[in-house]
Amino acid sequence: MMEFDTIAAISTPMGEGAIAIVRLSGPKAVETADRVYRGANRLTDVPTHTIHYGKLVEQTTEQVVDEVMVSVMRAPKTFTREDVVELNCHGGIVAVNRVLELILEQPDVRLAEPGEFTKRAFLNGRIDLSQAEAVMDLIRAKTDRAMTVAVGQIEGRLSKLVQDLREQLLQTIASIEVNIDYPEYDAEEMTQQIVQKDAGEVRRILTELLATARQGKILREGLSTAIIGRPNVGKSSLLNTLVQEAKAIVTDIAGTTRDTIEEYVNVRGVPLKLIDTAGIRETEDIVERMGVEKSRQALNSADLILLVLNGNDALTEEDVLLFEAIRGMNAIIIVNKSDLTQAIDLTRVSELADGRPVVTTSLLEEAGVTDLEAAIASLFFEQGVEGQDMTYVSNARHIQLIKQASQMIEDALGAAEASMPIDMVQIDLRRAWDTLGEINGDTAQDSLLDKLFSQFCLGK
């Protein structure tokens with residue numbers, strides 16, 4: 001275990017609340033807390049993994065700062081594998097900041113840097129780098145499924161797979177090195193067969209893993225989803241129905257939504273960042289025109305388009321132009337207002353949809369919403385999100401490293417097939433082995449670690 005100084009930080013979100021937590025970690029964590037703690041027993045004398053009621057006081061005046069419950073956890077069975085103390089004080093802004101100030105006034109303790117607790121857990125071997133990154137994914141998860149994927153990664157699901165692949169590559173590399181060191185055995189042809197078989201299997205698994213990248217990124221980052229359509233077809237009603245709150249103004253007046261409105265929503269485990277756009281149409285209103293331009297920008301950057309049509313009207317030229325604007329994009333066509341007399345040509349709608357899902361709804365009565373949710377989930381997850389038990393790769397850094405390693409193995413296989421010198425094959429496999437090691441942090445550089453952990457919040 002590496003030697004560090006003692007750090008402290010607030011580990012709970014700022015703001016009003018019943019309880020806040022100040023966390024300490026390091027060789028003098030218990031000693032530091034004990035200096036300002038007054039209770040039935042000294043913290044330096046209590047057993048590990050116990051919690052104690054007491055008060056925090058100013059050392060010079062013995063004035064009470066706050067009542068606290070103190071958790072004492074001694075190394076190595078802690079998150080950082082160091083001595084850890086958590087001070088559970090009253091929530092709010094003033095109380096918890098005063099407790100932190102009291103701790104930082106003590107000698108040999110400093111304010112933690114962003115992500116430093118997790119960084120210490122990594123450097124002390126408690127978790128690897130992919131598990132550390134999954135901690136932030138868990139904090140930022142917007143759906144149950146995204147949380148499940150993050151927890152699986154924290155528990156080492158991706159880590160173990162990467163370790164197994166690196167071990168398989170290492171065995172292949174070792175076979176090559178035997179051939180290089182003992183050329184008199186003339187086993188080069190056999191070694192090439194081993195490379196084709198073993199390295200080929202690693203490449204196959206990496207290819208399967210990369211196939212989950214699109215779905216993994218959706219679960220991790222969400223789908224940017226633009227709701228588009230002519231004015232007053234029910235776009236804001238759709239947003240409010242999915243969010244279950246009145247976020248957008250719903251009136252009979254065309255052009256009411258004059259800007260884009262964004263909201264996150266969980267649709268059957270798929271996180272959507274819904275963007276309710278202003279109706280796209282030609283207008284003389286300067287403010288509405290600015291909203292229309294933002295709508296066009298949202299349309300171009302969206303992962304998914306929800307095109308809303310008015311079933312009570314015949315298709316208009318504006319509707320057809322919207323179909324043209326989303327040509328080739330992931331889209332679901334929503335024919336709204338099914339509770340009214342239908343004037344729309346559904347056959348023509350299906351032709352314009354060009355194989356993309358068409359769902360009929362009455363958002364006023366919330367009819368057809370279940371069908372819409374199913375269409376969204378099945379568009380990106382053929383077997384449904386909740387039913388899939390698999391290892392996802394969702395982190396952009398991991399995806400890039402896997403792509404690089406896969407290409408290096410491809411180069412090695414090509415070299416072996418072309419009967420190039422076996423040591424040339426070994427170089428590519430060794431590079432792939434090193435590249436995969438960056439996922440777990442086995443071969444990561446310090447500059448990368450500093451960059452990754454700086455993205456964490458204070459106290460984590």
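For all residues, glycine too, the Cβ spot is worked out from N, Cα and C.
These numbers come from a predicted model, not from an experiment.
Here Swiss-Prot has GLU86, ARG126, LYS460 binding (6S)-5-formyl-5,6,7,8-tetrahydrofolate, and the candidate from ARG23, ARG35, ARG203, ARG397 in that same listed site is ARG23. For the binding-site residues listed here (ASN232, SER236), the lowest count of other CB atoms within 10 A around the CB belongs to ASN232. Just so you know, the Cβ of ARG23 ((6S)-5-formyl-5,6,7,8-tetrahydrofolate binding site) picks up 25 other Cβ atoms within 10 Å once every protein chain is counted. You'll find the Cα of ARG126 ((6S)-5-formyl-5,6,7,8-tetrahydrofolate binding site) roughly 56 Å from the Cα of ASN232 (K(+) binding site). Over all protein chains present, the Cβ of LYS235 (GTP binding site) has 30 other Cβ atoms lying within 10 Å. Taking Cα separation as the measure, SER236 (Mg(2+) binding site) is nearest to LYS460 of the binding-site residues ARG23, GLU86, LYS460. Considering only the binding-site residues ARG23, GLU86, LYS460, ASN232 (K(+) binding site) has LYS460 as its nearest partner by CA-CA distance. Across all of the domain 'TrmE-type G' (222-381), the predicted model scores a mean pLDDT of 79.
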